[in-house]
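Heads up, the thing below is written out as structure tokens.
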Amino acid sequence: MTRTVACSHRPSRDSNRTEVLRDEDCQSPKPVPVQACNRFDCPPMWDTRAWGQCSQSCGGGFQRRQILCKQRLADGSILELPDTFCPSESPPSQQICAKLECPARWVTDWSQCSVSCGNGIQRLEAVCRRQGEDRRHQNVDPENCSLLARPTKIRPCSLRLCENSLKPNPTILGQKKVYIQWRKGKKLQLVVGGYAYLLPWTTVVLRCPTRNFRKGQIRWLKEGKPLTGPPHLSMTSLGYVKFQQLRASDAGIYTCVAGQAREHFVLQIIGSKHKLSAPASWLLGGGQQKVRETDAAMRERFQALPVPLNRYDTIVEQLLELKGSLQEEKDPADKTQKNRSTLEDERANSELSSLLVLIADTQRLDEIMHDLSEGGQREGQLITQLLSELAITRGENNESTLHPPEKAESSTQVPPLDKPSIKAPRLRSPVIIQRPRKVGVVPSSEMTVHVGVPALLQKPIASLELRCEALGNPEPSLTWTKNGKEMHYNSRVGLLSSGSLRIQSPSKPDEGLYTCTANNRLGTTSLSSLLQITGGKGRSCVQSNGIGANGPICSERSNSSQSAEPCHGQACPLRWRMDPWSPCSASCGGGSQSRSVRCLKGPEGRSREVESRQCLGSGRRPSDSRPCNQLPCTRWASTSWGACHGQCVGPSLATQHRHVYCQDLNTTKVSYRMCSGLQRPVSLKNCSTEACLLHWRVEPWTPCTATCGRHGFQSRQVTCAHRRTGKATREHHCMWRPRPPSWQRCNILSCGRAGECRDSTRYCEKVRELELCTLPQFKSRCCHSCKNT
């Protein structure tokens with residue numbers, strides 16, 4: 001604190017007027033004009049500098065400022081600290097400025113040459129455009145540019161000489177692919193001929209590879225009209241269209257025109273909550289988007305479009321819904337108890353989300369659509385299997401999937417563009433997909449419950465399926481337990497080829513906790529469902545045709561080896577007793593199973609076998625043979641291992657890939673579904689690569705900035721380098737190991753313990769002036785300056 005101290009004099013005792021004299025005129029010692037206050041360190045706080053100049057004068061620009069974390073110490077010094085020392089959120093370092101509309105102006109561009117060969121003309125086409133306060137450009141009425149002279153120019157253009165000889169017709173090398181963007185990426189390069197479902201704010205290059213046609217003469221249409229888009233959309237002289245950050249308004253049908261050849265491309269934008277969004281002008285087959293009834297011309301134009309707009313929307317929306325359910329299972333319930341297996345599960349759950357783009361053939365998606373149209377309860381399984389296929393084949397695709405060979409195009413070369421990374425699938429521990437209970441009418445004869453959801457039966461049903469769907473690489477094997485014990489399968493309780501559990505005619509003894517466990521060499525995960533039966537007494541009398549029996553004679557509903565419910569007295573029913581099925585006579589290609597069927601009479605434990613005709617009144621005799629293993633004999637085969645590549649995932653661990661396919665006994669390649677019941681060989685394994693020889697190289701620490709006290713620190717250089725060559729590379733190549741710290745505090749000792757009296761800060765002169773030497777913390781740091789005070 002400071003105050004004014006002056007030597008004053010009052011001429012007389014009764015006077016209220018004072019006169020200021022010189023300091024030496026006052027005989028008493030002069031009081032101090034400065035006094036210390038608030039003698040403790042201030043907490044670290046953000047120090048904001050002045051805003052810089054705006055990047056634009058209109059149309060919405062940006063201006064920046066510097067933000068530093070600083071701490072004012074009690075001795076008056078200012079200490080600059082790392083940003084992590086300031087606890088609150090940093091003030092904004094950037095803001096929008098110049099929020100004014102720019103004046104309209106003419107934007108010009110030369111048209112294409114009026115002829116395709118020989119001599120022609122080009123016109124300078126001008127459009128009146130204005131940049132709004134939101135930085136977006138829009139075309140406005142030419143009247144707004146009337147004060148400026150509209151540019152009108154014509155110039156000659158000369159193309160190659162016209163030839164009278166017949167030339168081969170131009171063709172467009174389109175690709176029948178469906179691109180589904182799985183996560184955000186900076187830039188994608190796609191080819192016409194298919195469909196794309198992309199996330200907004202992605203930069204996209206749409207190419208139209210041609211043969212026997214000049215790229216500079218390629219024309220583009222959108223919904224049948226010449227393509228003239230906003231500033232973020234540009235058409236280059238090399239024949240491709242570039243979207244600089246996609247908007248929802250960019251969705252539509254794009255047509256590449258090369259002479260008489262045309263190829264279409266449907267672009268859709270993935271909106272919030274994984275829903276597809278499209279412009280209101282689209283006329284979808286299902287009537288999901290409305291079109292103005294008065295605009296008959298627009299309606300006719302959209303109805304005449306050559307390709308359907310929403311052909312694969314159903315499949316894509318279900319894939320995105322499945323992606324959302326996987327993301328919800330990322331975080332374990334207790335984040336404070338993370339063991340090694342939990343961390344591995346988290347890493348496995350994030351593998352699918354690391355995919356940039358899923359690429360599917362339209363033919364394969366058409367097969368899925370056909371299967372879905374047939375109905376049934378395999379919808380979720382089909383979508384899950386499709387996602388697994390796309391994740392595995394993603395690494396098997398070569399780069400021609402997104403980038404066709406340049407030699408197939410015309411002589412004009414396209415400059416190299418950023419390509420999405422295509423990596424081999426990574427190893428991942430199992431994940432069981434949990435689906436919510438679907439509300440609706442359930443058939444009384446059978447019931448399907450996804451594991452993780454309790455099953456409550458209030459009336460007898462013919463069969464119950466506990467469905468278990470799991471993802472993983474290598475493909476996980478599924479096992480079931482009941483109340484923590486190993487399951488015992490029979491003809492009534494058995495496994496399906498998909499790994500799900502089926503219980504025929506469930507009754508009271510079947511109640512319990514059923515747990516599905518998915519396991520591969522990377523880990524194990526489990527999910528359970530509780531089965532409870534509340535309807536009836538756990539047993540119902542059902543004849544072979546499913547109609548309730550009248551009278552005391554009832555037949556069992558199951559094919560198990562268990563006998564009927566015990567009874568007493570002479571009125572015990574006649575019943576069929578079936579032994580378990582024998583093993584199948586063949587593992588594939590068609591075999592048979594047999595069992596013994598007997599007619600029993602009398603109470604349980606004292607029953608005796610009688611002639612079969614006596615049991616005919618209790619229902620038709622159960623069959624004693626059945627076919628089994630009807631699928632053709634197939635096996636998994638694989639190619640040789642590919643080159644070792646990819647980033648290192650651990651000490652001396654990279655990955656290499658091979659192609660795994662299904663073949664029959666004649667070594668003919670068949671559909672992968674034919675091998676679905678067999679253990680699939682791994683298509684990915686660890687190997688050693690040069691990337692594993694990288695390590696963090698640390699230099700020596702610099703001298704400490706202080707010999708004692710609490711504010712000294714030292715730093716060192718940390719680089720990612722090759723162990724053998726010593727050459728430095730980018731740090732992200734070493735991120736599979738923790739990065740050593742590049743700075744630390746040092747000499748955090750009281751300066752009084754150093755054994756000599758000296759100053760540890762350059763602000764000690766200020767400490768002595770403010771009379772702070774009496775305080776212990778300042779006396780120890782300024783020992784030399786304070787020793788004579």
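Even glycines carry a Cβ here, placed using N, Cα and C.
Automated prediction, rather than curation, is the source of TrEMBL annotations.
It should be emphasised that the depicted structure is a prediction, and the values quoted were computed from it without experimental measurement.
Taken from TrEMBL, the feature compositional bias 'Basic and acidic residues' covers 11-26.
What TrEMBL lists as domain 'Ig-like' is 170-258 (among others). The domain 'Ig-like' (170-258) scores a mean pLDDT of 90 in the predicted structure.
Sequence annotations record features per position, and here TrEMBL assigns domain 'Ig-like' to 430-534 (among others).
The domain 'PLAC' annotation in TrEMBL covers 753-789.
Annotated region 'Disordered' per TrEMBL: 1-26 (among others), in sequence order. As a summary of secondary structure, the region 'Disordered' (1-26) carries 3 helix, 7 strand, 16 coil according to DSSP.
The region 'Disordered' feature in TrEMBL is assigned to 326-347 (among others).
Taken from TrEMBL, the feature region 'Disordered' covers 397-423 (among others).
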### Summary
Residues outside the domain 'PLAC' (753-789) whose C-beta sits under 8 Å from one of its C-beta atoms, at least 6 past its ends, are 32, 34-36, 39, 73-77, 706-709
### Query
Taking DSSP states H, G and I as helix and E and B as strand, how many residues of the domain 'PLAC' (753-789) are helix, strand and coil?
18 helix, 2 strand, 17 coil
